[in-house]
Amino acid sequence: MLAHIIQTLPQVIVDGLTLGVVYAVVAIGYTMVYGILELINFAHGEIFMSGAFIGTTVLLILSSVGFLSSVPAILAFIIIIVIASLATGFLGMGIERVAYRPLRSAPKLITLITAIGVSFLLQDIVRFIAELKTGNYIVSAPSLFNDKIHLKTSAILPQFGDALFKSSFLVVLIVAIIMLVALDFFVNRTKWGMAMRAVAQDRETASLMSINVNKVISVTFFVGSALGGATGVLFMIQYGTIDPYIGFILGIKAFTAAVLGGIGNIRGAMVGGLLIGFLEMFAAANLSTLTHGAFGAEYKDIFAFAILIAVLIFKPEGLFGKAVVEKV
Amino acid sequence: MRKLVDLFSQNKKAQLLLFIVYVAVTSLSLILAQQSVVAFLLLLFSILLLYFLKLNTKAKWIIGLLIVAVLIPFSASQGQAYESYMDVATLVGIYCAMALGLNIVVGFAGLLDLGFIAFFAVGAYTYGIFASAQASKFLHFGHFPLSGESFWIFILIGGIVAAIFGILLGIPVLRVKGDYLAIVTLGFGEIIRIIFNNLDHPINITNGSMGIASIAPPKIFGIVIANASQFYYVALAILLVVIYIVTRLEHSKIGRAWKAIRDNEIAGQAMGIPLVKTKLTAFAIGASFSGMMGVVFAAKQTYVDATSFTLLESTTVLVMVLLGGMGSVPGVILGAAVVTILNLQVLTEVSNWLNQLNTNGVISVPDALSPAKMQRFIFGLLLILFALYRPKGLIPAKNQKYDANKLKKSTTKSMYVEPQVSNDKKASGGSEI
């Protein structure tokens, strides 16, 4: 049993890292919005999904005009990811403006309900656009990076098996890390980032310090959604097939990652995302061996949920969060 | 014109007369037209009109029961579409009872539960497993399937099992922040579905994605209740019991505590309301209603599988509550009826009609836009529009008016003074002694 686990470990690490960075970037979107508005933005998973679809559309258009064959894949990829993230960024801003801002002083229950409404609306709009254009709502994107890379991990330790991955893995990993570092810089080192942190801490005092609160909230939504959309493109590049409902389960897992890292804490969300990604891939590879075939990989989705419950019971403030005392 | 309307709204007799004419016309047209969906819907609509009539409550209840229990089944029974009408009416009853359960959680206690269908699934599987041959696959004692007479006990068992699940889920979540509840229940709904869909190994409990078939229909005094027209009365009876319980709960001590913590958690706590216990009670009672209706659903369909319990269903129930008016019992019943009929009758009828137009070549609507597929779009839009522009729903909740002097008189004998609830603010502010 142990031999099997060790043998699959390199592959688990590679897959877990891919999934983990995707979760991490999506989790940041949740954590930023929660930090600033104390609102669980249910539509964030759908923004991620819209990003994947916008990316696919651009990719299909580029390939149909023959642009794809004339430029290197990496350039096409950069164009796609920039367009998709700008579009989803504005989408996120629009959602905030239309659905959340009028309700900012309403009971939180009402805002949560609009959030779930927005998420349903986006799912169906994407569904029927995709179905109108292609006849099927499950869309497969042509792959940009196809080279298979064989990592000879068995050379390091004889017990290890080899890890196999597509070159898109490297692209996903590098882009996600760039995004994470850039975001960290943006929030902690720039003026806008400082304004964001100030609004998150105390909205009224921030507005007294001549910070335009509405604008800061808009920017937060823009940044969070743009990151989510870009991650959607990464997901599409890596996994190839997308459908309008991918955002839902992924959203729950990313939210779990945000809670695990301490909601409102951006670095916590990154660590949480990576942890959830690893655990899920580990479960998918080994659950059936560990339980002697009683439970198979189909239960991997339950892991994130079990972690969420466990965190809420034992450490509700998360790994890196501070316990908040409610003031009256 | 305005004067005339005013006069009419005061005149009881004229209203009653017009109402009787309306009911007579719609039921006659249902009898004569045989298969008219419109007449059927208009007849159902009379219940809503009845609600707004200026009669005393008892008279309204009697007339309403007469219409629902006698007139509707009778006029529908004249056409060939009898069973399908009764099927819709039965489902309206089931969804009304479920929406009333969710109303306790969302409307009274202010907790957003997005996985309500999970408890429905728990109830449905509880009955499904024991009332079919499924139980004999993992239990080696007793004789399964249990007979249809056990259905009546299983309504209670299903409710209790669902309540236990609700408490188990609620304990970790309700102790911390209320916002987490929404996403945890969302996840829970999905997890329950995955588990039920895969629990055919190592022990075959739910028969996996094959579902459980040939569930015993309920039986009473040796009569098997198998078709929709008979089930209609079962659903109606249960709905009446549920309405009774909910209205009693609403104005009870616990009901007032729910509303108090909904309006202001901290103020409620300061008034001595045990926060976690109160929330947990709301959660468990709501879940148990859902579980009970799950049992009825399983018995009615005689087949359960995991595909009937998706997030879409949970959201549908939420739309019912929000559309009708959170915390308002008549509103939620209206919301449930409207959404169920929209879902089962109107959308499919419109889709069929569009399909016909398509085949006749009048207009061409692509298949992707067929209304039956647009549930998510419609429900999402309804949620957003109602939350933005009419958060109190179609029939807003009213708080019971208390006469302060009467209350004082009735309680001077005892030391305890009832809280004096006259409007929202005071309800949240708690008692004035």
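Here the Cβ of each residue, glycine as well, is placed from N, Cα and C on the backbone.
Whatever TrEMBL says is automated annotation, not expert-curated.
Values in this document were obtained by computation on a predicted structure and should not be read as measured data.
According to TrEMBL, the features are:
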- A:20-40: transmembrane segment (TRANSMEM)
- A:47-68: transmembrane segment (TRANSMEM)
- A:74-95: transmembrane segment (TRANSMEM)
- A:107-130: transmembrane segment (TRANSMEM)
- A:167-187: transmembrane segment (TRANSMEM)
- A:216-239: transmembrane segment (TRANSMEM)
- A:245-263: transmembrane segment (TRANSMEM)
- A:270-290: transmembrane segment (TRANSMEM)
- A:302-325: transmembrane segment (TRANSMEM)
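Only pairs six or more apart in sequence are counted, and the transmembrane segment (A:245-263) with the transmembrane segment (A:74-95) gives fewer than three Cβ pairs under 8 Å, not enough to call it a contact.
Remote same-chain partners of the transmembrane segment (A:216-239), defined as residues 6 or more beyond its termini with a Cβ less than 8 Å from a stretch Cβ, comprise 18, 21-22, 25-26, 28-30, 32-33, 36-37, 41, 44, 47-56, 59, 77, 80-81, 84-93, 95-97, 101, 141, 143-145, 166, 168-169, 171-172, 175-176, 179, 183, 186, 192, 195-196, 199, 206, 246, 250. Using a cut-off of 8 Å between Cβ atoms, the transmembrane segment (A:20-40) and the transmembrane segment (A:107-130) share at least three residue pairs, counting only pairs 6 or more apart in sequence.
Within the chain, the transmembrane segment (A:270-290) has long-range Cβ neighbours (under 8 A, six or more residues past its boundaries) at 1, 4-5, 8, 11-13, 15-28, 180, 253-254, 256-262, 296-297, 299-301, 303-304, 307, 318-320.
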